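Participant: Here it is: the structure, laid out below.
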Amino acid sequence: MSASIPPPAPDFRRLFDSTLSPLLILTPDFTIVEVNRAYLTATRTQRGIVGRRLFEVFPDNPEDPAADGVRNLRRSLETVISTGRTDTMALQRYDIPTDEEGGFAERYWSPVNSPVLDGDGQVSHIIHRVEDVTDFVRLRQAGRDHERAVAEAQTRAEGMEIDLFVRAREIREVNEQLSRANVELDETGRQLREEQQAKDRFIATLSHELRNPLAAATAATELLALDLPDGHPALSVLERQLGTLARMSNDLLDGTRALTGRLELVRERADLRTVVDSACADLRRLFDQQQRTLVVGLPADPVLVDGDRLRLAQVLTNLLSNALKYTLPGGRAAARLSTADGQARLTVEDDGIGFDPAQADELFGVFMRAAPAGPSTPEGLGLGLSVVRTIVELHGGRIDAHSRGPGTGASFTVLLPLAATDVPPPRLPSAARRAPRQLAILIVEDNTDLATTYRALLERQGHHVTAVHTGADALTATESHLFDVVLCDLGLPDIDGYQVAREIRSRPHGAKVRLIAVSGFSRGSDHGQSRAAGFDTHLAKPLPLAELLELLAEDTGQR
């Protein structure tokens, strides 16, 4: 029988390299003499670490002030050398360098250091075995964080439950307080609205009542002017002061409407040249009487806007009146109209007292004035510019004020959007003139002074005029006579002017009569109500003679 062949000796190097546990072999001076693939993989290193000192390859993380991996590992290795026995280390955090320059990756390890003894029982090598437990540590930390979060949430929930009861009681109390406060606010709001309405009615009534005597006085002044073609100083004073009273009355009413958002427009296509020319013509005599110069600059081409002619004229009248008030005798004011970039540009400037540039925006406030109140302060309510701004903004425009300072004059610039040019411009109105045909006119006016004055003025133009003072008398007069024009006040003592108009229109010849409503109220809704009753035109008191005669001349050409 043949002898058995002994098995080949194991390849210990291959076995070492194939071991799944990361292994590192060190000399007593901590020089790396061998390493397996598992260790290189776990520590992200290469075989180039063989021959190098352990702590040179794996230093502490300099970014972690609490790092103690090097100290703990060195202590364990020194224990193995001194005792010749295996040392199992506690869980260690030992960050490892990454491929990035100066970078470290957080790692947790479970190290075991075992001695290899020579024939004399001395430690010749140390086998350093580690297990990467980073994932385990992180999972355990996440579990602890979760448990802590659950505990905190439970504590908060218990606290919130108590809090909810307390808050619910507080909310009920607050809701009860809010309910009581809302009731009080509603009541206060109702009272304020009633007070505001009462104030508005008072101001509107006051303005309306002022317009009747103003209209009569204005008409009487114009009648006197016809008898005094060369003028008279007292007549000039009357004209000037009546104009001031009329503007203050208008500003008072319009200021209230502007504050409450009830300022209304009656829009139509208008040539601003006509508006500017007419307003300047009305004021030029006042400028001359007070020794001021008024310069007007108008373009050759129409400047068309969609707006309210009367309100736009009011804008210019208020601005020029301010220029007149705040300019000294011998001073100068100018009104210039131009167009640019799809806008009409109206500029009113003067060389008067000016104002502090810091006041530019404040001037448009309610009851604001450029000059401080005092004995020499010009008359006015401080409402004119506020009304101007409201009218301009209702037209989609803007207004700016400018001055270099006190004593340097002031300028106001109004910008308004131009209308589309596909509608032909309106014809320029003719000047007031003696009518080519005498009209039969009925004046219905309960203010006898005003009725008498208007009758005298119209008779001067050659018209045949009858005046009555009640609605009933108006209906009786129109039954027995055919009138071309009925000039009817709306606020009559027996039946109102609307009923008078409806009754006249219902008659066989009623359609041929030109009905003109005259009232101290002249809002857009007032115009609409007049048209609905059958009036052709609605005019506001005080009615200037030139405007009335122009309207009658227009009527003569149409009928």
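Even glycines carry a Cβ here, placed using N, Cα and C.
It should be emphasised that the depicted structure is a prediction, and the values quoted were computed from it without experimental measurement.
Annotations per TrEMBL:
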COILED    168-198  coiled coil
DOMAIN    205-420  domain 'Histidine kinase'
DOMAIN    440-556  domain 'Response regulatory'
MOD_RES   ASP489  4-aspartylphosphate
Participant: For the residue listed as '4-aspartylphosphate', name the DSSP secondary structure in the helix/strand/coil scheme.
Facilitator: strand
Participant: Across the domain 'Histidine kinase' (205-420), what is the average pLDDT of the model, as a whole number?
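Facilitator: Reported value for the domain 'Histidine kinase' (205-420) is a mean pLDDT of 80.
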Participant: List the helix, strand and coil residue totals of the domain 'Response regulatory' (440-556) as derived from DSSP.
Facilitator: 57 helix, 25 strand, 35 coil
Participant: Does anything in the same chain, at least 6 positions from the residue listed as '4-aspartylphosphate', have a Cβ under 8 Å from its Cβ, and if so what?
Facilitator: VAL444, GLU445, ASP446, ASN447, GLY497, VAL518, SER519
